[in-house]
Amino acid sequence: MELVFLGTGAGLPSKTRNVSAVALNMTQEINEVWLFDCGEATQHQILHTNLKPRKITKIFITHLHGDHIYGLPGFLSSRSFQSGENQPLCIYGPIGIKEFVESTLRLSQTNLTYPITIKEITEDGNLFETNEMMVETKKLQHGIDSYGYRIKEKDKPGELLVDKLKQIGIAPGPIYQQIKENEITTLDNGSIIYRNDVLGPAKKGKVISILGDTRYSIDHIPFIKFSDILVHESTFTQDKELLAFEYNHSTNVQAAKLAKEANINKLYLTHVSSRYQAEDIDSIIEEARKIFPSTWLANDFSVYEI
């Protein structure tokens, strides 16, 4: 599992940062890629990575500002020609995302070659759940409806205790897989094996919290608490805290403070204003690390293993 940052700029593209988009690559786990926001030219950014558009099965839009959605029509259209035929895709987002997508496709006379589902978010809580994953959402504090997403990978069974099985006379073979897949297994001799008796500790699933544009708020702490990864906007540096509040954004230090208060493992800053140039990057990171040492500032095409 890895995070691939496709766009890390705020508001408008710059020479070094495109507008917002980040992919959660889970091809090794569930053979899917999930995309969070889709700013203008996201499909161009994808071309510079190993991500396959047909593997993108879900797109989560945090809010409807243009730097987070203007890349959707182009990506959806191109996916039809990139082995995406008949590969379903679901889009989640605030009220209005359905009208935006359907209107742009209709007016441009774009006919997709795959089924698309659009689900609008109307309340906080559980968005959906599968056998492997669970996604929750929470409204944040921005000028328009903006949401955060908490992605929870479910715990996986521990490793089969092979030595223990051998000790009780069960030789390696297909029976091992049967034991691992079933709570109770009856052997040919009538013996009963309980899976929990021959498995090691469960492998704890990862938790990734990705927040859309927002002001700093302690109300977000319960939603993101104990996440392995927090992706948080860092539009301004701390000397611009009042400006951040006025424009419904956050500073690098505020993001670090939130990560510390919520017992996050790693913080990745993104959504950086174009006012900050290459020579400012070190100070942005240093300011945040004084509060929360496990902080990184994402760049376009940064890839982080989870």
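In case you wondered, yes, glycine gets a Cβ from its N, Cα and C as well.
Among the candidates Asp197, Asp213, Asp219, Asp228, the residue that Swiss-Prot names alongside His63, His65, His142 for the Zn(2+) 1 site is Asp213. Asp213 (Zn(2+) 1 binding site) and Asp67 (Zn(2+) 2 binding site) are 11 Å apart (CA-CA, integer value). Across the fold, the C-alpha of His68 (Zn(2+) 2 binding site) and the C-alpha of His142 (Zn(2+) 1 binding site) stand 13 Å from each other. Each residue in Ala10, Gly11, Val19, Ser20, Asp37, Gly39, Thr62, His63, His65, Gly212, Glu233 lies on the same chain as Asp67, His68, Asp213, His271 and has a C-beta within 8 Å of the C-beta centroid of that Zn(2+) 2 site, without being one of the site residues.
For His271 (Zn(2+) 2 binding site), the Cβ neighbour count at a 10 Å cut-off comes to 29, with all displayed protein chains included. Rounded to the nearest whole angstrom, the C-alpha distance between His63 (Zn(2+) 1 binding site) and His271 (Zn(2+) 2 binding site) is 14.
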